[in-house]
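J.: Please read through the structure below; I'll follow up with questions.
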Amino acid sequence: MDESYNNRMSLVKGAKDIAKEAKRHAAKKVSKIVNRATEEYSSQRNYSQFQNEDKDNDYTRTANDEDGEHYASDATEGHDDEDEIYEGEYQGVPAYTDRKPRDGQDSLGQPVSDSLRDRKELELERQADEEELAQQYELIMQECGHGRFQWQLFFVLGMALMSDGVEVFVVGFVLPSAETDMCVPNSGAGWLGSIVYLGMMVGAFFWGGLSDKVGRKQCLLIAMSVNGFFSFLSSFVQGYGMFLFCRMFSGFGIGGVVPIVFPYFAEFLAREKRGEHLSWLCMFWMIGGIYASAMAWLIIPHYGWSFSMGSAYQFHSWRVFVVVCALPCVCAVVALTFMPESPRFFLEMGKHDEAWMVLKQIHDTNMRARGEPEKVFTVNRIKLPTHLDELVEMQSDSSNPVGQVLFMIRTELRGIWLTFMSCFNYPVKDNTIKLAFVWFTLSFGYYGLSVWFPDVIHHLQSDEYASRVKTHNNEHTEDFTFNFTLENQIHTNGVFVNDRFISMKLKSVTFIDSTFQNCYFDDVSTVGSLFKNCTFVEAFFYNTDIDDSKLVGSRVINSSFHHNKTGCQMTFDDDYSAYWVYFVNFVGTLAVLPGNIVSALLMDKIGRLSMLGGSMVLSGISCFFLWFGTSESMMIFMLCLYNGLSISAWNSLDVVTAELYPTDRRGTGFGFCNAMCKLAAVLGNLIFGSLVGITKTIPILLASAVLVGGGLVGLRLPDTRGHVLM
């Protein structure tokens, strides 16, 4: 009895020993297979290896399946409760297409929580995946070639960038007319320029960050639609407050163009084409400036291009100009709907099939244009980067649509903020700080001087205009009819008795210490005209714009006012100064054409950093020639010289910024830098504008210092020439 019992126990013990030994050998063999696959995966691979991995995966998967079945059957023979976990170890191995374990699994395929894995190891793994994807993506873009598809996208995005250039110039051209038309007091003047740039600053940061979350194309479409809608709306509103509101949101929409357009286009270009074609794209900003200057020149001075509905609704020529300037934005929105999303963004989001379809579209479009439609797109599988798990706030079940919208907005804003903070993590922290400084200094000098140049020219024109003023002292007229225009005159101690002022205009006319007795005023419009310390006795005013704001310190005795004109009267009849301002901006914008051509041709030859630093330093040095700007012609020449030298810095800075940031932060980083640019524009406008007519020393020294300092910092940036997009 005891002997048979001992025999049975020996058999059981032997079975357990056999099972444990089989388990040890099986785990050892599977571990060797996985390690060998990982080493092969981590080694340097060429493009042909990317194409053949599917076959390798099939072979590896078959071997793993056979080994798994064999080890499972051997190991489960005679197992007991202590070995229950062993049977499930190999039954749960999934069939995966990559030769390394899936994200969130160990080497044997078992799920592992991110909280149990080393976060730093996951980040290093993702970084390695990004580097591998960058190399493969570059090879794919080379296979797709550069042809019809890129040129189509070039012109579509060029229209979008042209809209940004138009928006910047619209502010300066519309500002004087809008403030005059809407009777804006001096205390409110200048708000239009600042509010638009502030809207662009917020829009650059918001849309740039959102493009890294929902896509380049979608964000660009929404941003430009916002710009187009509020641009059209602003041309019809009558109140200055509502006009500011519309232009602010118009700026908010257009602020997303630059941070999206350059990363978007860069992700469709191969390494050897990127610098040159991004520089050619910058030319559309110049074309936008030329378009705005030409339209302002043709439309705004023509006062007859306006209509009114009574005295309450006025639609002057500057409003027609605003509508015309919104047309490039509308064209860009329509054309952009036919363009695909960036395949690089799709890959970053883990959307392999969508990215492959876009890449195939690029390849087939270019091959058909080359006359090689039979050429096959040979890419079968594209590397996807490892995704790190993040804490996601779950929405409680709610049928309230407002709550759902607020939750979605809060979630997107939180994602944008987290992505923005990652721009200050290693290894892009130093690059972000340097880029922000270069953007700020270049923008501060450029926009500051761009405001200062026209204001100085206008100041010189005003001095010349004032020098031609006609002065009339102690004049006496009686029973005379004034039915013509009086301009640039000063009447002192005049006496007007029984005179009639009918259908006439007063432009820059001032009456001082004059007396009007039994005078009749009918359909009189005034621009820049005042009555100082004058006396009106039994005067009659009908359909005029003469009110308390024009009667400074004057006395009105037994006089009556009927059907006064509402709103401010504006006219450009025979006003050649308006034509001159638009012509100056037109010539200054056209002067950047040689710089654009030179920067595009030399961007990949002398390098981005050499062009960036050299252009900013030369621009700073050219500011010292402003000491000799004592005439209009000399100031125009200085404006053209400065614009021609600085444009190369702008082009190279756009290229460097698009290439330095990785794909998951490219829009956010570009948006932050562009927001700093708009902030500098606001400060530059305020500081340089306040110094017009006071001194030349401070603007010259300030512009030179910031431009040279920014150029020296720009030389410290990493050189991205020849690098692949990370």
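Glycine is treated like the rest: Cβ placed from N, Cα and C.
TrEMBL labels come from automatic prediction, so no person has curated them.
Feature list, courtesy of TrEMBL:
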REGION    36-118  region 'Disordered'
COMPBIAS  40-51  compositional bias 'Polar residues'
COMPBIAS  69-78  compositional bias 'Basic and acidic residues'
DOMAIN    153-721  domain 'Major facilitator superfamily (MFS) profile'
TRANSMEM  153-176  transmembrane segment
TRANSMEM  188-207  transmembrane segment
TRANSMEM  219-236  transmembrane segment
TRANSMEM  242-266  transmembrane segment
TRANSMEM  278-300  transmembrane segment
TRANSMEM  320-339  transmembrane segment
TRANSMEM  435-453  transmembrane segment
TRANSMEM  579-602  transmembrane segment
TRANSMEM  609-628  transmembrane segment
TRANSMEM  634-657  transmembrane segment
TRANSMEM  669-692  transmembrane segment
TRANSMEM  698-717  transmembrane segment
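Describe the structural context of each listed feature in the structure shown, including burial, neighbouring residues and relevant distances.
T.: Residues 160, 163, 167, 203, 207, 210-211, 243, 246-247, 249-257, 260-261, 264, 315, 319-320, 322-323, 325-326, 329-330, 332-333, 336-337, 667 of the same chain lie 6+ residues outside the transmembrane segment (219-236) yet bring a C-beta within less than 8 angstroms of a C-beta in it.
Taking Cβ pairs closer than 8 Å, the transmembrane segment (320-339) reaches residues 152-153, 155-157, 159-160, 162-163, 166-167, 170, 173-174, 217, 220-221, 224-225, 227-228, 231-232, 234-235, 254, 288, 291-292, 295-296, 299-300, 305-306 in its own chain, all 6 or more past its ends.
Counting residues 6+ beyond its ends, the transmembrane segment (609-628) has Cβ neighbours under 8 Å at 438, 441-442, 445, 449, 595, 599, 602-603, 634-635, 638, 641-642, 645-649, 651-653, 656, 696, 699-700, 703-708, 710-712, 714-715, 717, 719 in the same chain.
Long-range Cβ contacts of the transmembrane segment (669-692) within its own chain (Cβ-Cβ under 8 Å, at least 6 residues beyond either end) map to 190, 193-194, 197-198, 200-202, 204-209, 211, 255-256, 258-260, 262-263, 420, 423, 428, 432, 435-436, 439-449, 451-452, 455-456, 459, 657-658, 660-661, 698-699, 702-703.
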J.: Ranking 278-300, 435-453, 579-602 by Cβ pairs under 8 Å to the transmembrane segment (634-657), which is first?
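T.: Going through each listed stretch, the top one turns out to be 579-602.
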J.: State the non-local partners of the transmembrane segment (278-300) in its own chain: residues 6+ outside its ends, Cβ under 8 Å from one of its Cβ atoms.
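T.: Hits for the transmembrane segment (278-300): 154, 157-159, 161-166, 168-170, 173, 177, 261-262, 265-266, 269, 317-318, 320-321, 324-325, 328, 572, 578-579, 582-583, 585-586, 589-590, 592-593, 596, 599-600, 603, 647, 650-652, 654-655, 658.
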J.: Count the CB pairs under 8 A between the transmembrane segment (579-602) and each of 153-176, 242-266, 435-453, 698-717, then give me the winner.
T.: 153-176
J.: Which residues of the same chain, at least 6 past either end of the transmembrane segment (242-266), have a Cβ under 8 Å from a Cβ in it?
T.: 153-154, 157, 160-161, 163-164, 167, 171, 178, 182, 191-192, 195-204, 206-208, 210-211, 216-217, 219-220, 223-231, 233-234, 274, 277-278, 281, 329, 342, 654-655, 657-659, 661, 666-667, 670-671, 673-675, 678, 725
